[in-house]
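Shown next, in structure tokens, is the structure this report addresses.
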Amino acid sequence: MGAHASVTDTNILSGLESNATGVTAFSMPGWQLALWATAYLALVLVAVTGNATVIWIILAHERMRTVTNYFIINLALADLCMAAFNATFNFIYASHNIWYFGSTFCYFQNLFPVTAMFVSIYSMTAIAADRYMAIVHPFQPRLSAPSTKAVIAVIWLVALALASPQCFYSTITVDQGATKCVVAWPNDNGGKMLLLYHLVVFVLIYFLPLVVMFAAYSVIGLTLWKRAVPRHQAHGANLRHLQAKKKFVKAMVLVVVTFAICWLPYHLYFILGTFQEDIYYRKFIQQVYLALFWLAMSSTMYNPIIYCCLNHRFRSGFRLAFRCCPWGTPTEEDRLELTHTPSISRRVNRCHTKETLFMTGDMTHSEATNGQVGGPQDGEPAGP
């Protein structure tokens, strides 16, 4: 995604790939560059640390290894990669207007970080679909561990396929002594191919996934808030179970809304720019791009914060992960949250448990047919 008229940076939706023939010198005062560098450094540190911690919390604690949380791992990994590669190298490129990293890394930067962006949005969509099936259709078969891994593999393959055109047409050019990593679209008279690619990507990785997630979470919300725990069960584990489901929906809706807000200005920047390319030659456009790019990349650091604030198990996990910090002292309750698996069936009789699991959408197909209560995955949600 191009920073300005003279540069085509290595993110998705490159602004001036094949049409950047002139060079405009973009420079900024040292203090301004230092401020931007500090802002991007803070973003990368928070995003990488937060998402790495989320991955550790889930993988290191068996209770957290649920179908939904495996998708959250995939989302966290994608966000971590976006922060480490997109935010870091594209900031250097956009702020200096020179590609320092060679031709091989130019291809890599136009493939892997772009793939990670696709994986991020599709992982959120998979989480919405999984929760939709679990809550709205609790008697339908749930994804098994092998099926979940297969879905994750398909997500990565589809993301690679969508990112491959930008990688395929990547090339290194030297313009007035400055090395550029550009995406040179073939036979792109009038920028029609560029605009088409922008629109296709916008629809496939922004508009359609958001529509699907909005519809799924709307139905989930209506389903959960319509159901009420019977009076004789309106306390203890059953009520906590329903409340946990509602908190999960709130957390994931916040994740989706945050993503939508962060990325919309960035997508519009490039779509609108195809209609008025001379704007990329304006001196101020570098600052506009750096601001919009920071906003888009900042979406990678918010999810761990949301999980920590809205889910007690992730909050306990963060305390354990940062137990060396003054504010991260874990308690015995925090350890139990991540290691102890309560048995709902010990608290209530089987038929009442079965009814409650149906209402909260956590009954698997085998439980519905055999009257069995499942393990950690099928009790109080371990996810956010």
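Cβ atoms here come from the backbone N, Cα and C positions, even for glycine.
Annotated features in Swiss-Prot:
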- 1-32: topological domain 'Extracellular' (TOPO_DOM)
- ASN19: N-linked glycosylation site (CARBOHYD)
- 33-56: transmembrane segment (TRANSMEM)
- 57-69: topological domain 'Cytoplasmic' (TOPO_DOM)
- 70-90: transmembrane segment (TRANSMEM)
- 91-107: topological domain 'Extracellular' (TOPO_DOM)
- CYS106-CYS181: disulfide bond (DISULFID)
- 108-129: transmembrane segment (TRANSMEM)
- 130-149: topological domain 'Cytoplasmic' (TOPO_DOM)
- 150-170: transmembrane segment (TRANSMEM)
- 171-196: topological domain 'Extracellular' (TOPO_DOM)
- 197-218: transmembrane segment (TRANSMEM)
- 219-251: topological domain 'Cytoplasmic' (TOPO_DOM)
- 252-272: transmembrane segment (TRANSMEM)
- 273-290: topological domain 'Extracellular' (TOPO_DOM)
- 291-310: transmembrane segment (TRANSMEM)
- 311-384: topological domain 'Cytoplasmic' (TOPO_DOM)
- CYS324: S-palmitoyl cysteine (LIPID)
- 365-384: region 'Disordered' (REGION)
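Feature map: Swiss-Prot annotations on the structure.
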| residue | record | DSSP (3 states) |
| --- | --- | --- |
| CYS106 | disulfide bond | helix |
| CYS181 | disulfide bond | strand |
| CYS324 | S-palmitoyl cysteine | coil |
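Cβ neighbour count for CYS324 (S-palmitoyl cysteine): 7 (other Cβ atoms within 10 Å of its Cβ, all protein chains included).
Among the listed disulfide-bonded residues, namely CYS106, CYS181, the Cβ with the most fellow Cβ atoms inside 10 Å is that of CYS181. Between the transmembrane segment (108-129) and the transmembrane segment (252-272), three or more CB pairs separated by 6 or more residues in sequence fall under 8 Å, so the two stretches touch. Across the topological domain 'Extracellular' (1-32), mean pLDDT in this model comes to 46. When the stretches 197-218, 252-272, 291-310 are ranked by Cβ pairs under 8 Å to the transmembrane segment (33-56), first place goes to 291-310.
The DSSP breakdown of the topological domain 'Extracellular' (273-290) into helical (H, G, I), extended (E, B) and coil residues amounts to 12 helix, 0 strand, 6 coil. Separation of the C-alpha atoms of CYS324 (S-palmitoyl cysteine) and CYS106 (disulfide bond): 39 Å, rounded to the nearest whole number.
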